[in-house]
Ligand code: SF4
């Protein structure tokens, strides 16, 4: 049985938009050395998405769990972040099993719009109003991160927080191109201390 799991794990491939070593720019792990694996493919359709080139999975090469694990190991970062695109469009058990066998700490960044899969040390749940989250994500979230583009997003944020497990850390993050969302969040958090602000520090630094 063990052999079969290993075989499946090695044969599973994923469309990969890019892999890179940087620091985690957002949320509770901001500033930590991180190796990013960006899976291609997303049909959530956020109008302000900064990864639109990763929406298709057709034009990107496929990598096996084995190849991705080797790249991650060579990077020697503190954490491996599986992001997208929308990573939960794929079965993430083979990849996370492989990374875990190498002793890596694995984080997920997801909109939660597909059934949960994989074995993670940390789950960043960033739901989007453009495609409803799957119910399986709410117990899994380690942090909830809501992108605020305008005032109406606070209502969405509260609705998502009410469904998410109580251990989750709650972040509001300004939409990068919005001129007003930072000050809206600032004022909101002063009145709602259960929320924290997350900033895209990598963009301020001019790195990925
Ligand atoms: S879920 Fe993420 S990758 Fe998909 S459209 Fe929204 S921001 Fe872009």
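Keep in mind that glycine also has a Cβ here, set from the backbone N, Cα and C atoms.
Cβ neighbour count for residue 25 (substrate binding site): 20 (other Cβ atoms within 10 Å of its Cβ, all protein chains included). Per TrEMBL, the feature substrate binding site maps to 23, 24, 25, 38, 83.
Residues or ranges marked as domain 'Radical SAM core' in TrEMBL: 29-208.
The [4Fe-4S] cluster binding site feature in TrEMBL is assigned to 42, 46, 49. Its Cβ taken as reference, residue 42 ([4Fe-4S] cluster binding site) is surrounded by 24 other Cβ atoms within 10 Å in the chains shown.
According to TrEMBL, the S-adenosyl-L-methionine binding site annotation covers 48, 49, 50, 85, 126, 127, 128. Within 10 Å of the C-beta of residue 48 (S-adenosyl-L-methionine binding site) there are 11 other C-beta atoms, taking all protein chains into account.
The substrate site is defined by 23, 24, 25, 38, 83, and by the 8 Å test on Cβ atoms against their centroid, the other residues of the chain that qualify are 22, 26, 34, 36, 81, 109, 202, 208. Taking 42, 49, 50, 83, 126, 128 as the candidate binding-site residues, the subset whose CB lies under 6 angstroms from any atom of ligand 1 consists of 42, 49, 128. Within 10 Å of the Cα of residue 128 (S-adenosyl-L-methionine binding site), the following binding-site residues from the list 23, 24, 42, 46 place their own Cα: 46. Listed in chain order, the extra residues whose Cβ falls within 8 Å of the Cβ center of the [4Fe-4S] cluster site residues 42, 46, 49 are 44, 45, 51, 52, 55, 86, 111, 128, 130.
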